[in-house]
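See below for the structure under consideration.
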Amino acid sequence: MNPQAKLICTISLLLGTTITLSSNHWVLAWTGLEINTLAILPLIAKPHHPRSIEAATKYFLTQAAASALILFSSMTNAWHTGQWDITQLTCPTSCLILTAAIAMKLGLVPFHFWFPEVLQGCSLTTGLLLSTAMKLPPITLLYMTSQSLNHTPMVIMAILSAPLGGWMGLNQTQTRKILAFSSVSHLGWMSIILIYSPKLAMLNFYLYVLITAAVFLTLNSIKTLNLSTLMTTWAKTPALSAMLMLTLLSLAGLPPLTGFLPKWLIIQELTKQDMAPAAVIMALLSLLSLFFYLRLAYCATITLPPHTTNHMKQWHINKPINPLVATLVTMSIILLPISPMILTTV
């Protein structure tokens, strides 16, 4: 891709995200979302492969439909109340339409079918953008309107997203699709707590972004797109494979790793809100996604392919060290002991 074109796309992504995050007016927020969509499309279609073009088309159609619904929701609310302020969403019909539109933008069940297909058609770095940065503006809109949203649709979508994300990822062999279903499952956890504690939902999102970025960049460093390639990485980069295993277990939410913190806090908050049955259901259903995280970790570290006698020569190759990957992996693993410090900011 032309460096100038890549620079324009990157600046547009930053601009669109900033506009949406800083706006109080629905039209400005919608404009930021549209700038984001148009900026990411060239990055998705960059490989010039039919699968990439198909992914870009699917992404454009889904996001355009969701943006139209957001505009329709805000216009309906303005018609009823005379207000274009994001925080003044009081019309019940507008709330319902907005919930569906944001769920479509994020990839929540039952609007999740586009996300794994799009992620499978793009590179790992673009997939990282789709899984993290592109979810920030819609999540922020949900955060700003959380007091107005209807509880029932959000809880239903959350309880459906957690098991379906895990269940549909069970038989996948492509790492990008597995991470897409992992994203759907994590979004379920964020959605169920958003109504009761919006700040906790945002903390969950930030930790999810941190750990997912570590996984994507590690997979990009070892050039791994499927499980069969993942099985051969231990012979080439044993240290990175071991770190990948710990990061995946952190993404699964196992103690004493960083990923355990949001799940623990969400279950605690749901119990305080007399939602203990929902907390138990979410905890049990997350076992489905735990299975494919364990399978990825197993393939990365425990499964060793047959070696030739000279396989140890690969140790003599100078491998570049990426400080960003090292920092993200470290934070993805060891943040739990400083959780009291993190909680004081929530």
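Cβ atoms here come from the backbone N, Cα and C positions, even for glycine.
The domain 'NADH:quinone oxidoreductase/Mrp antiporter transmembrane' annotation in TrEMBL covers 23-288. The annotation transmembrane segment is assigned in TrEMBL to 57-76, 96-115, 151-171, 178-197, 203-222, 234-255, 275-294, 321-343. TrEMBL lists 290-343 with the feature domain 'NADH dehydrogenase subunit 2 C-terminal'.
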Would you say the transmembrane segment (96-115) and the transmembrane segment (203-222) are touching, if the rule is that at least three C-beta pairs must lie under 8 angstroms and be 6 or more residues apart? no
Same-chain residues at least 6 beyond the ends of the transmembrane segment (234-255) with a Cβ under 8 Å from one of its Cβ atoms are 182, 211-212, 214-215, 218-219, 221-222, 262-264, 286, 289-290, 293-294, 296-297, 300-301, 303-305, 307, 311, 314, 319, 325, 329, 332-333, 336
Taking 57-76, 151-171, 321-343 as candidates, which has the most Cβ pairs under 8 Å with the transmembrane segment (275-294)? 151-171
